[in-house]
Amino acid sequence: MSVAPLKNDVFLRSLLREPVPYTPTWLMRQAGRYLPEYNATRSRAGSFMGLAQNPEYAAEVTLQPLERYPLDAAILFSDILTVPDAMGLGLSFAQGEGPRFAHPVRTEADVAKLAVPDLEKLRYVFDAVGLIRKQLNGRVPLIGFAGSPFTVACYMVEGKGSDDYRLIKGMLYARPDLLHRILDINAQTTAQYLNAQIEAGAQAVMIFDSWGGVLADGLFQQFSLQYTQRVVAALKREREGRRVPVIVFTKGGGQWLESIAACGADAVGLDWTVDLAAARRRVTDSVAFQGNLDPIALFGGEQAIRAEVRRVLDAFGPVKQGGHVFNLGHGISQFTPPEAVQALVEEVRLYSPRFHAV
Ligand code: CP3
């Protein structure tokens, strides 16, 4: 693939804890329903999967937030649930509802049938990566992503979102062998899937462990982190002569920060319950951090947003040997006013240079 040289590498350099002039910013779910232009493309595509499976549409919505805001990274438009869909579980997104699987994995027989899928079924994702790189033309780097083996297993077993994770945790306690087999298959698939995204042009990758935080201490390490670690260990870390940084984000994982930081990732995503200064001390700046503004702070009006942005940057403090990528502590709400994002991005640019020596 021949592509334009990267014009803005502040995001990649921050993940590797190299000096940069300001704190780079992107937002989890930056392409999404809070943007009217996203909703317009989505209705042309007919459905969420229609959007995600068409590389032209996927590229269009990936670039939409970059047209509005001076963000420092683009994230592939797709979903963590494309992986179990390729395993044959039958994913659908009904309008106004969350994801659903027609064939959840609940019994010993269901688990026995499960296998690493042919990655050709996810060709549409790799095609989207290539097309987005072409359209970005070196403006900012492109992030690829996948769910963690445990987080993806939550949806595979529950068949949809859950309030109490009764089915998957029930399996964990009753038949840990079955859950370990699902996680093993997910880890192998996820490693291949992320490597194929890197091969197609992803310049950094992020693993979303959105639900690892629902596990008891001890079980998180065994059933979530261990498998995330296997994925990280299997990744290609270089492409186009540059390191491909890996970000691991466990929502609700603050108490396990030391072990998450030791999983082999370059950067750790944090939710808003964690103090960034304390986080840096706990791991002596051995990884970069990404986060961690409460997404609901975007409903506080411009003055409050700017003050909260400064509070996050002040908490991290002078960047020195560390690395900070500004982000939310979880995905942006679909009800967020687009002007709120403008205030956030502007304030990071205005206020963060004082924390950078160069
Ligand atoms: O960040 C981005 O802009 C890239 C795209 C992206 C989406 N999903 C698009 C999407 C990413 C990185 C994801 C990750 C994802 N998907 C996670 C991990 C991150 C997190 O939020 O914890 C999870 C748990 C999912 C599963 C998922 N997909 C759910 C629970 C839902 C429905 C709930 C919701 O927020 O609407 C989705 C659908 C989805 N994925 C939408 C988008 C923009 C909205 C659906 C629509 O347009 O109809």
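Just so it is clear, glycine is given a Cβ too, placed from its N, Cα and C backbone atoms.
Automatic, uncurated: that is what TrEMBL annotation is.
Owing to the predicted nature of the structure, the values given are computational and were not obtained by experimental measurement.
Copied over from TrEMBL, here are the features:
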type	residues	note
BINDING	R29, Q30, A31, G32, R33, D79, Y155, S210, H330	substrate binding site
DOMAIN	143-159	domain 'Uroporphyrinogen decarboxylase (URO-D)'
SITE	D79	site 'Transition state stabilizer'
Neighbouring C-beta atoms (10 Å sphere around the C-beta of R33 (substrate binding site)): 14
Distance [Cα-Cα, Å, rounded] between H330 (substrate binding site) and D79 (site 'Transition state stabilizer'): 15
Rounded distance in angstrom between the Cα atoms of R29 (substrate binding site) and D79 (site 'Transition state stabilizer'): 10
DSSP three-state assignment (helix, strand or coil) for Y155 (substrate binding site): helix
Under 8 Å by Cβ from D79 (site 'Transition state stabilizer'), counting only residues of that chain that are 6 or more apart: F48, A52, P99
Overall pLDDT of the domain 'Uroporphyrinogen decarboxylase (URO-D)' (143-159), taken as the mean: 98
DSSP-derived structure type at D79 (site 'Transition state stabilizer'), helix or strand or else coil: coil
Maximum Cα-Cα separation (Å), residues R29, Q30, A31, G32, R33, D79, Y155, S210, H330 listed as binding substrate: 22
Lowest local Cβ density (other Cβ within 10 Å) among binding-site residues: R29, H330: R29
Listed binding-site residues (A31, Y155), ranked by Cβ neighbours within 10 Å, top entry: Y155
